[in-house]
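Okay, so here's the structure we're looking at.
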C-alpha cells in the first residue's frame, strides 16, 4: 500500500500569499488588473489568476499603460518603476514582500552613506532576477551582482566592500562568499556583510532535507522559472536521489518502482498547495493496485 505525504512546510511563503490575496481582492472589485511580471513563478497559478482577469505585462507594456491599476508582485521593483507609474497616472497596488522592502531600504541607506568613499556595494544573487533588479535600482545601477565564487574576480579588494544577499539565496552559499571575500581583502580595508536571507526560506532547507530523506520517493513540484525551486530541488535530491522535479500533474505517467511505499510531495515557496494536493491524488490513482 502506497502512503503519500504532502510536506506541511512547503508552499507559498507569506510574501507570495499576500501578493495573491491582493490580486484576488482587487479582482473581486474589477474585471481587469495588470501585474508587472508573473505574480508567482508558477505557470498554473498564473493561469488561474488570469482566468479571473489578471493581465501579466512587462516593463515595456507598463510604459504604454495610462490611468490603470497595476499590481507589483512580492519581488519588488526599482525606483524607476514607481516614477514611470506616476508619470502615466497608474495606480500602484504594492504587494512587495516586507522582507524585500526592508532590504531595499537598507541597501538604499548604505548607498547614500558610502557613495562618497567609493565603497563597492555587492549583492549575492541571480543576475536579472526581479528582486535583484529592484535591489540594484536602489544604488542607481552601481551595485555589483555576484552569482558564484568565480564572480568575485570582478571586485577590487583594495576598496571597501558592503555585501548583501537576495532574500531567497542559499545561506551556505552566502557564507562561502563571505569567507572568500574575507580571505582576499587587503589588510586594513573595510568589509561589511549583512545576512539578508529570508529565514522563512532559509529554514525550509533543513526541513525539506529531513522530509526528503524520510521517504522512499519524492516528487518536488515547482515552476521551471522558480530560482527558489531549483535551489530546494537540488537540496532535496542530495538528501534523496529518488527525487523527481515536476511542474504539472500530467508529468506523472508511470506507476512507482516496485518496493516504493512512502512517497513525499513537496515544493517551492512559489508552489500552490492545491497543485501538491492534485499531485498526491494522481500518485494514488496510478498506484492504486500497488
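In case you wondered, yes, glycine gets a Cβ from its N, Cα and C as well.
Taken from Swiss-Prot, the feature active site, proton donor applies to 131. Here residue 131 (active site, proton donor) comes close to 75, 76, 100, 125, 166, 167, 168: these same-chain residues lie at least six apart in sequence, with C-beta atoms under 8 angstroms from its C-beta. Secondary structure at residue 131 (active site, proton donor), as computed by DSSP, is helix.
Reduced to three states, the DSSP call for residue 13 ([4Fe-4S] cluster binding site) is coil. Sequence-distant contacts (6 or more apart, same chain, Cβ under 8 Å) of residue 13 ([4Fe-4S] cluster binding site) comprise 97, 198, 200, 201, 269. Residues annotated as [4Fe-4S] cluster binding site in Swiss-Prot: 13, 97, 198.
Residue 75 (isopentenyl diphosphate binding site) counts 28 other C-beta atoms within 10 Å of its own C-beta, drawing on all protein chains shown. What Swiss-Prot records for 41, 75, 129, 226, 227, 228, 270 is isopentenyl diphosphate binding site.
Around residue 167 ((2E)-4-hydroxy-3-methylbut-2-enyl diphosphate binding site), taking its Cβ as the centre, 27 other Cβ atoms fall within 10 Å, counting all chains. Residues or ranges marked as (2E)-4-hydroxy-3-methylbut-2-enyl diphosphate binding site by Swiss-Prot: 41, 75, 129, 167, 226, 227, 228, 270.
Per Swiss-Prot, dimethylallyl diphosphate binding site is recorded for 41, 75, 129, 226, 227, 228, 270. Counting only same-chain residues six or more apart in sequence, the Cβ atoms lying under 8 angstroms from the Cβ of residue 228 (isopentenyl diphosphate binding site) belong to 41, 168, 201, 222, 268, 269, 270.
Just so you know, the Cβ of residue 227 (isopentenyl diphosphate binding site) picks up 21 other Cβ atoms within 10 Å once every protein chain is counted. Within the group of binding-site residues (41, 129), the Cβ with the highest number of other Cβ atoms inside 10 Å belongs to 41.
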